[in-house]
Amino acid sequence: MSASATATTTFALAVLLGLASFGQLGVLAVAVVLVGALVAAGWPELLDLPARRGTTVLVALVAVAAAATATGAVVRAHDRGTQMSGVLGWLPSVATLSLLAAFAHQLLRRDGRPRLVESVTAAVTAQAVVVLGAAWIAVPSTYAGATLTPVVLTAVVATSAVSATTWPLRVAGPVNLVVGGAAGWFAATVALLLGAGTGDVVSQGRWAVSGIVAGVGAGLLVSAWRGLTSRLPAARTVPAALAVAAVPVALAGGGAYLVGRLVLL
């Protein structure tokens, strides 16, 4: 896949996740699991890992477990009728158990365990990505509501488009910060025009700040991800390219939740 096709895939995943955030909680959870599944399917090929099938299954199971945990926490918070600051408090437990599962997977290997440290490190990193992606499920429960999801994803898409150019990273990186901040501010402004931020909880000024903060964060994230993947030989194969497209969308979930909980508090 070309860089433009990868950026287009990021756009498609962002649209899917943005639309799902306004639907039922189960729909959003399925969308998050889909993003995690793409990460799981392409991650071993992207990094040329041994025991690819086992790593894919492991990361996919962690994505499902993280999504289920976040969904359950949001449902419990909704039933109590409270705005819970610790709605994602169980996700660290999922991350811890996934680390143990990564070691168990290596113990079950029957290929002599070549590149053991590399395989464990890569698997744990992918697990962290999908666990952070589960934070998208809790974003609609923050003070910002579901509207924050497309605001953050707009910045992710805009900066991914910049990263798809042939510009060197020393140029694309700073441009991404500007484009990300501008895209986040623009999306937040559109959200205000559509009625977000007009209530008593979230002020209009904080909406603008949240858009800029989220946009600059997206610029840093996407630029760093391009720097990490641009020289990987397998990054253009279809499974690996799908993972390259899905990772920024997943990672932005943790940042979006922080913005919704802290900047818009």
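Each Cβ is built from the backbone N, Cα and C atoms, and glycine gets one as well.
Taken straight from TrEMBL:
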type: TRANSMEM; residues: 12-43; note: transmembrane segment
type: TRANSMEM; residues: 55-75; note: transmembrane segment
type: TRANSMEM; residues: 87-104; note: transmembrane segment
type: TRANSMEM; residues: 116-137; note: transmembrane segment
type: TRANSMEM; residues: 143-163; note: transmembrane segment
type: TRANSMEM; residues: 175-195; note: transmembrane segment
type: TRANSMEM; residues: 207-228; note: transmembrane segment
type: TRANSMEM; residues: 240-259; note: transmembrane segment
Exercise. Which stretch from 87-104, 116-137, 240-259 shares the most C-beta pairs under 8 Å with the transmembrane segment (143-163)?
Worked result: 240-259
Seminar exercise, completed: Ranking 12-43, 55-75, 175-195, 240-259 by Cβ pairs under 8 Å to the transmembrane segment (116-137) puts first 55-75
